[in-house]
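Please read the structure below before turning to the comments.
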Amino acid sequence: MASMSFPNPLSREGFFGPVTATLDWCEANYQFSYYIAEMVNSFSNLFTIYFALHLAWCVSKEKLPARFFVGCMGILLVGLGSFAFHASLLYEAQLADELPMIWVVSMSFWLLYDYQIGFDLSSSQTKLQVGSLVLFDILFSLSYYIYRNPVYHQVIFAIMILSCASRITYLLKWSPVRSRIPDDKKRKVASLYTTGAIIFAVGFFIWNLDNIFCDALTRLKLSIGWPAAFLLEGHSWWHFLTGLGTYYMCVGTQYMFVPSRPFIQHALTLLQNCVHQG
């Protein structure tokens with residue numbers, strides 16, 4: 001799952017100096033700008049930033065629970081951190097990319113478990129869940145700072161993503177609350193979440209093709225030239241597809257958990273429309 005450090009013949013030295021991150025992707029460093037290490041991998045994060053802001057606007061406009069807005073801001077933080085990471089290839093910026101990924105998924109995991117309490121933080125159970133969430137994030141962040149192996153991060157991230165998908169399946173099919181979710185809502189949630197998961201998986205597949213076939217892709221880029229060669233930057237496709245996949249899955253989660261009353265139903269319809277308009 002981890003990327004190797006690729007000795008790209010097109011790479012140059014740039015503004016931020018030598019690479020200190022534990023990962024260096026297939027895209028050549030400072031090929032097009034002295035100030036931006038990986039041009040396409042950096043600017044492809046604008047898609048993630050857009051998806052996060054668009055969804056946050058929908059949540060804010062319809063006054064959905066604050067926890068959903070916080071989740072959108074977490075996704076925005078991932079996009080900004082990833083931009084900084086690929087622009088500089090510094091280890092500190094890498095942490096600004098990778099740690100928020102864990103924080104956002106852990107929050108999603110909490111949302112999928114806090115379905116009987118409501119949407120405030122007044123109950124002792126919710127407080128315990130939030131405290132456990134914060135403790136996990138702190139412990140992981142410290143351990144990853146000490147044990148700087150990107151495979152460790154990627155394995156934990158994958159386990160958490162799969163756990164969220166399993167939890168969604170359980171809630172829709174076997175949980176005690178499944179009878180309170182109308183069948184049409186179940187189908188819509190399943191469709192949104194499945195679509196997002198497939199898009200996410202395609203992005204992961206392309207990312208790994210970029211890792212495995214970097215040398216061949218670099219030769220192909222040289223043969224076809226730029227700007228057409230920008231389309232062969234597989235990690236930038238990972239940014240776009242995972243941003244879009246996360247967008248779908250967030251809408252699915254919100255659609256399942258927001259209380260069923262007329263005002264909220266209108267909000268959920270708007271959220272679904274945001275997917276297609278975005």
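Positions of Cβ are set from backbone N, Cα and C atoms, glycine also.
Nobody curates TrEMBL annotations by hand; they come from automatic prediction.
A 10 Å cutoff on Cβ-Cβ distances gives GLU27 (Ca(2+) binding site) a total of 29 other Cβ atoms nearby, all chains included. Summarising the annotation, TrEMBL assigns Ca(2+) binding site to ASP24, TRP25, GLU27, ASN29, GLU38.
Within 10 Å of the C-beta of HIS239 (Zn(2+) binding site) we count 26 further C-beta atoms, all protein chains included. The annotation Zn(2+) binding site is assigned in TrEMBL to HIS86, HIS235, HIS239.
Per TrEMBL, transmembrane segment is recorded for 32-56 (among others).
Counting same-chain residues at least six beyond the ends of the transmembrane segment (68-87), those with a Cβ under 8 angstroms from any Cβ of the stretch are 16, 21, 25, 27, 35-38, 41-43, 45-49, 51-53, 55-56, 59-60, 93-101, 103-104, 107-108, 111, 239, 243, 246, 250, 254. Residues annotated as transmembrane segment in TrEMBL: 68-87 (among others).
Taken from TrEMBL, the feature transmembrane segment covers 99-116 (among others).
For the transmembrane segment (128-146), the residues of the chain that approach it from at least six positions outside its boundaries are 95, 98-99, 102-103, 106-107, 109-110, 113-114, 121, 152-153, 156, judged by C-beta separation under 8 angstroms. The annotation transmembrane segment is assigned in TrEMBL to 128-146 (among others).
Feature annotation from TrEMBL assigns transmembrane segment to 152-170 (among others). Beyond the transmembrane segment (152-170), the same-chain residues lying 6 or more positions past its ends with a Cβ under 8 Å from any Cβ of the stretch are 1-2, 98, 101-102, 105-106, 108-109, 112-113, 140, 143-144, 189, 193, 197, 200, 249, 252-253, 256.
According to TrEMBL, the feature transmembrane segment maps to 190-209 (among others). Within the chain, the transmembrane segment (190-209) has long-range Cβ neighbours (under 8 A, six or more residues past its boundaries) at 1, 161, 165, 168, 172, 234-235, 237-242, 244-253, 255, 272, 275.
Beyond its flanks by at least six residues, the transmembrane segment (237-258) meets 41, 44-45, 47-48, 50-52, 54-55, 59, 64-65, 68, 71-72, 75, 79, 82, 108, 111-112, 115, 164, 168, 171-172, 181, 185, 188-193, 195-204, 206-207, 210, 264, 267-268, 271-272, 274-275, 278 of its own chain at Cβ-Cβ distances under 8 Å. Annotation source TrEMBL lists transmembrane segment at 237-258 (among others).
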Checklist entry - Fewest neighbouring Cβ atoms within 10 Å: which of the binding-site residues ASP24, GLU38? => result ASP24
Checklist outcome for this item: Taking only the CA atoms, the spacing between ASN29 (Ca(2+) binding site) and HIS239 (Zn(2+) binding site), expressed in whole angstrom, is 18
Checklist outcome for this item: Residues lining the Zn(2+) site besides HIS86, HIS235, HIS239 (CB within 8 A of their CB center) are TRP25, GLU27, GLU38, VAL40, ASN41, SER42, SER44, ASN45, SER82, GLU233, SER236, TRP238
Checklist outcome for this item: Cβ neighbour count (10 Å, all chains) around ASN29 (Ca(2+) binding site) is 22
